[in-house]
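Structure record follows, encoded as structure tokens.
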């Protein structure tokens, strides 16, 4: 618990006190935000606001994670490093997108196709590493089961019994599944990052959930020798859950400090550099804690935001009419007359409620297992 609190404290301190320096630096080198021309007119004043603040979040989170472990003499575990791999990898994709926007002086960076391809180049190696990297007992960090609050009976490895074709099919399905989780997550967070502080505040709740989940899984881990006899049937086969909890806490703290400068009116924006990184970290945590489907609840706001875009496009293509005044959903409410800060705070409340529901479902699964 002390390591978790330290990680939060380090994260807050780093971003709270260093972000002003990066605001000045990014403004000086011309890393300014470009606003979509078809967006709400009141967003035009945000043009030129320093962007790529996600760099601050990523660096602060990683430093805070290592410092928290170092101060308490804890070993950095492969589970945390795997999350960092996805965190940094997706951040680099976002950084490339942001750099292209700055150089082209346009709100369009990487095209959708190239963005998904690059995201897949991060997600697929991550999926392979979760099996290739094993703990001290020789157990991989992931399984081929689809998970909710723990692994379910849906297991791609059941295809192994079909011989070489079955083994090949199982691996392809597993890689596609992990890629779907990762790509969906990073793009959902990116879609949500359209108002000052919205994505950062919502992700704080998601990271809080993974702090709680990782800490609980650590106490109820199957590898613990001191586990009460009555809890053995409920234990979690998760590698390094406490380490992931510490990393989630570091990200949470970094977001809290960053939000001080990112809230309306924003002095700096995280850009795709931050949004893709956060989506990648959340996806990695859901995979490594075996809570893949539960992530749909924990990140419910991101699901709604991404879903509003999908619905808008599909409905318009079929009926030539729009469901919303504008998608994503937060822009719809802006055009309905809601103030930006009103939309953000109400969406934060929704994100918090989804997180509470998700943690409740997680605990209920343990209670009734």
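Along the chain as shown, the residues are counted starting at 1.
Glycine is no exception: its Cβ is also placed from the backbone N, Cα and C atoms.
As stated in Swiss-Prot, the feature transmembrane segment covers range 54-74 out of the listed 33-53, 54-74. The stretch that Swiss-Prot tags with transmembrane segment, taken from the ranges 137-157, 158-178, is 158-178. Remark: the transmembrane segment (113-133) contacts the transmembrane segment (268-288), by the rule of 3 or more CB pairs under 8 A. Counting Cβ pairs under 8 Å that are 6 or more residues apart, the transmembrane segment (80-100) and the transmembrane segment (241-261) reach 3 or more and are in contact. Counting same-chain residues at least six beyond the ends of the transmembrane segment (2-22), those with a Cβ under 8 angstroms from any Cβ of the stretch are 50, 53, 55-57, 59-61, 63-65, 67-69, 71-72, 74, 211, 215, 242, 245-247, 249-258, 260-261, 267-268. Only sequence-distant pairs (6 or more apart) were considered; of these, fewer than three Cβ pairs between the transmembrane segment (241-261) and the transmembrane segment (293-313) are under 8 A, so the stretches are not in contact.
If you look at the transmembrane segment (347-367) against the transmembrane segment (195-215), you find at least three C-beta pairs under 8 angstroms, all six or more positions apart, and that counts as contact.
Using a cut-off of 8 Å between Cβ atoms, the transmembrane segment (54-74) and the transmembrane segment (268-288) share at least three residue pairs, counting only pairs 6 or more apart in sequence.
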